[in-house]
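S.K.: There's a structure below that I have some questions on.
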Amino acid sequence: MVAEIILGLLVWTLIAGTEYFLYPAFGWVMFVAVFYWVLTVFFLIIYMTMTYTRIPQVPWTTVGLCFNGSAFILYLIAAIVDASSVTKELDSHNYNSWAASSISLLVGFISVNNSQWTDYSAYSYFQIVTMCDLVMILFFYIIHIFRIYRTLTCVSWPLAEFLHYLIGTILLLIASIVAASKSYNLTGLVAGATFGFLATVLCVLSIWSSYKVSCITQSTSKYHA
């Protein structure tokens, strides 16, 4: 339930950072996300305070089943509506590669963290690199989702993003090679190194995406000038 609250909060806050009110479809998605997030918080409070023990007349098991079933159906409909309503802008980024690289980094970090280390310095370096890369990816994701780059025009965001991915990719490649060489066929460490290499490839795709966006931005600027 805590995971539902965190992920639900992430859903509606990201949508709230956009001009969703201009599109009826996104208004529906926003309604579903906020409505079920509030209900989830309500049920969490009910269970944490054990209020359900003081109201035995309510069939809480049935209520929970109906709530989760309806949430599944409406969230699925909202996800389909959201995905079908998204249109790419001229300066849009490859958010798919951002999301995929974030997941790969997180899985790699968890795999290594839950395994017995064969070399402390090597895997400490791997964890530091993966977490730093993950934090920076989320940082740029928030920058673009909430369009903060339009306010902080003093920063060259395409250049900053390009340098981040370039440096991060090099460090991640080194960390993955070191992790692979020190894994000694331990499943968790091998999985961590594998996802590290996968995240490296995805970061390269993000570099290419940043380069294309930078070229488009410069071309557009020259055209308007």
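A Cβ is built for glycine as well, from the same backbone N, Cα and C atoms used for every other residue.
Just so you know, TrEMBL annotations are computer predictions that nobody has curated.
Remember, predicted model here, so these are calculated numbers, not experimental data.
The domain 'MARVEL' annotation in TrEMBL covers 1-215. Per TrEMBL, the feature transmembrane segment maps to 27-48, 60-83, 125-150, 162-181, 188-211.
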S.K.: Compare 60-83, 125-150, 162-181, 188-211 by their Cβ pairs under 8 Å to the transmembrane segment (27-48) and return the stretch that comes out on top.
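M.R.: It is 60-83 that shares the most Cβ pairs under 8 Å with the transmembrane segment (27-48).
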S.K.: Could you tell me what the rest of the chain brings near the transmembrane segment (162-181), counting residues at least six beyond its ends with Cβ under 8 Å?
M.R.: 112, 122-123, 125-126, 129-130, 132-133, 136, 140, 189-190, 192-193, 196-197, 199-200, 203-204, 206-207, 210-211, 214
